[in-house]
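First up is the structure itself, then whatever we jot down about it.
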(Lines of atoms letter the chains of each structure in order from A and count residues from 1; the text may use other names and numbers.)
(Lines give C-alpha, C1' and ligand atoms only; values in the text may rest on other atoms or scores of the structure.)
Protein backbone atom coordinates (compact mmCIF):
# COMPACT_ATOMS: atom_id res chain seq x y z
CA UNK A 1 0.00 0.00 0.00
CA UNK A 2 1.36 3.36 -0.91
CA UNK A 3 0.49 6.96 -1.55
CA UNK A 4 -2.91 7.54 -3.11
CA UNK A 5 -4.49 10.19 -5.30
CA UNK A 6 -7.86 9.75 -3.59
CA UNK A 7 -9.77 13.02 -3.35
CA UNK A 8 -8.75 14.54 0.02
CA UNK A 9 -12.40 15.33 0.82
CA UNK A 10 -13.28 11.64 0.51
CA UNK A 11 -10.13 10.50 2.33
CA UNK A 12 -10.95 12.78 5.27
CA UNK A 13 -14.31 11.02 5.74
CA UNK A 14 -12.84 7.50 5.93
CA UNK A 15 -12.32 5.78 9.27
CA UNK A 16 -9.75 3.10 8.56
CA UNK A 17 -8.79 0.13 10.73
CA UNK A 18 -5.28 -0.25 12.16
CA UNK A 19 -4.09 -1.58 8.78
CA UNK A 20 -5.44 1.45 6.90
CA UNK A 21 -8.36 -0.48 5.43
CA UNK A 22 -12.10 0.06 5.12
CA UNK A 23 -14.62 -2.77 4.79
CA UNK A 24 -16.29 -2.86 1.36
CA UNK A 25 -19.66 -4.61 1.05
CA UNK A 26 -20.41 -5.45 -2.57
CA UNK A 27 -24.04 -5.58 -3.70
CA UNK A 28 -25.70 -6.52 -7.00
CA UNK A 29 -27.33 -3.55 -8.72
CA UNK A 30 -31.08 -3.90 -9.10
CA UNK A 31 -31.60 -6.88 -6.78
CA UNK A 32 -29.73 -5.69 -3.68
CA UNK A 33 -28.18 -9.15 -3.32
CA UNK A 34 -25.06 -9.00 -1.14
CA UNK A 35 -22.27 -10.60 -3.15
CA UNK A 36 -19.16 -10.35 -1.01
CA UNK A 37 -17.16 -8.41 1.55
CA UNK A 38 -13.61 -7.30 0.87
CA UNK A 39 -11.20 -4.55 1.90
CA UNK A 40 -10.10 -1.27 0.35
CA UNK A 41 -7.41 1.21 1.22
CA UNK A 42 -7.37 4.74 -0.19
CA UNK A 43 -5.66 3.66 -3.41
CA UNK A 44 -8.07 0.77 -4.04
CA UNK A 45 -10.99 3.16 -3.56
CA UNK A 46 -9.36 5.71 -5.88
CA UNK A 47 -8.87 3.05 -8.57
CA UNK A 48 -12.46 1.86 -8.16
CA UNK A 49 -13.85 5.38 -8.48
CA UNK A 50 -11.72 6.29 -11.50
CA UNK A 51 -11.89 3.04 -13.50
CA UNK A 52 -15.40 1.80 -12.75
CA UNK A 53 -13.96 -1.63 -11.92
CA UNK A 54 -14.01 -2.94 -8.35
CA UNK A 55 -10.47 -2.93 -6.97
CA UNK A 56 -9.66 -4.37 -3.56
CA UNK A 57 -6.67 -4.84 -1.27
CA UNK A 58 -5.82 -8.50 -0.67
CA UNK A 59 -4.77 -8.93 2.96
CA UNK A 60 -3.39 -12.43 2.31
CA UNK A 61 -1.37 -11.52 -0.80
CA UNK A 62 -0.63 -7.91 0.22
CA UNK A 63 -1.49 -6.59 -3.24
CA UNK A 64 -4.28 -4.92 -5.19
CA UNK A 65 -6.67 -7.07 -7.18
CA UNK A 66 -9.20 -5.99 -9.74
CA UNK A 67 -12.18 -8.31 -9.48
CA UNK A 68 -12.35 -10.35 -12.66
CA UNK A 69 -8.85 -9.75 -14.03
CA UNK A 70 -7.95 -13.41 -13.43
CA UNK A 71 -11.34 -15.15 -13.33
CA UNK A 72 -13.24 -13.06 -15.87
CA UNK A 73 -15.93 -12.48 -13.21
CA UNK A 74 -15.85 -8.71 -13.52
CA UNK A 75 -17.61 -6.22 -11.26
CA UNK A 76 -18.70 -3.09 -13.12
CA UNK A 77 -19.21 -0.40 -10.49
CA UNK A 78 -22.32 1.78 -10.68
CA UNK A 79 -22.36 3.38 -7.26
CA UNK A 80 -20.15 3.70 -4.18
CA UNK A 81 -21.53 4.92 -0.86
CA UNK A 82 -19.88 5.60 2.48
CA UNK A 83 -21.79 4.63 5.62
CA UNK A 84 -22.70 7.13 8.33
CA UNK A 85 -19.66 6.28 10.48
CA UNK A 86 -17.20 6.37 7.57
CA UNK A 87 -15.92 2.88 8.34
CA UNK A 88 -17.66 0.88 5.60
CA UNK A 89 -18.30 1.24 1.89
CA UNK A 90 -21.22 -0.05 -0.17
CA UNK A 91 -20.11 -0.90 -3.70
CA UNK A 92 -23.05 -1.45 -6.08
CA UNK A 93 -22.04 -3.47 -9.13
CA UNK A 94 -23.18 -5.45 -12.11
CA UNK A 95 -21.55 -8.82 -11.47
CA UNK A 96 -20.43 -11.02 -14.35
CA UNK A 97 -20.42 -14.69 -13.29
CA UNK A 98 -19.92 -15.80 -9.70
CA UNK A 99 -18.66 -13.27 -7.17
CA UNK A 100 -17.09 -15.82 -4.82
CA UNK A 101 -13.72 -17.45 -5.41
CA UNK A 102 -15.42 -20.80 -4.61
CA UNK A 103 -17.53 -20.46 -7.75
CA UNK A 104 -20.82 -19.60 -6.05
CA UNK A 105 -22.91 -16.56 -6.97
CA UNK A 106 -22.24 -14.92 -3.60
CA UNK A 107 -19.88 -15.53 -0.73
CA UNK A 108 -22.94 -16.04 1.51
CA UNK A 109 -24.57 -19.01 -0.25
CA UNK A 110 -23.71 -22.04 1.85
CA UNK A 111 -24.18 -21.75 5.61
CA UNK A 112 -27.37 -20.27 7.05
CA UNK A 113 -26.78 -19.58 10.73
CA UNK A 114 -30.34 -18.43 11.45
CA UNK A 115 -33.37 -18.69 9.21
CA UNK A 116 -36.77 -17.22 9.97
CA UNK A 117 -39.81 -19.44 9.55
CA UNK A 118 -41.30 -16.57 7.54
CA UNK A 119 -38.64 -16.79 4.83
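Counting starts with 1 at the first residue shown.
In case you wondered, yes, glycine gets a Cβ from its N, Cα and C as well.
Since we're looking at a predicted model, the values are computed, not measured.
Annotated in TrEMBL:
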{"type": "DOMAIN", "residues": "36-108", "note": "domain 'Phosphoribosyl-AMP cyclohydrolase'"}
{"type": "BINDING", "residues": "83, 85, 87", "note": "Mg(2+) binding site"}
{"type": "BINDING", "residues": "84, 100, 107", "note": "Zn(2+) binding site"}
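Annotated features, which come from TrEMBL, shown on the structure.
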{"residue": "83", "record": "Mg(2+) binding site", "DSSP (3 states)": "coil"}
{"residue": "100", "record": "Zn(2+) binding site", "DSSP (3 states)": "coil"}
{"residue": "107", "record": "Zn(2+) binding site", "DSSP (3 states)": "coil"}
> Pick from 84, 107: which of these binding-site residues has the biggest number of other Cβ atoms within 10 Å of its Cβ?
Replying inline: 107
> In the structure shown, which of the binding-site residues 83, 85 has the fewest Cβ neighbours within 10 Å?
Replying inline: 85
> Counting every protein chain present, what is the number of Cβ atoms, excluding its own, within 10 Å of the Cβ of residue 87 (Mg(2+) binding site)?
Replying inline: 14
> Whole-number Å distance between the CA of residue 107 (Zn(2+) binding site) and the CA of residue 87 (Mg(2+) binding site)?
Replying inline: 21
> Any idea what the model's mean pLDDT is for the domain 'Phosphoribosyl-AMP cyclohydrolase' (36-108)?
Replying inline: 96
> Which residues, sitting 6 or more apart from residue 100 (Zn(2+) binding site) on the same chain, put a CB under 8 Å from its CB?
Replying inline: 35, 36, 106, 107, 109
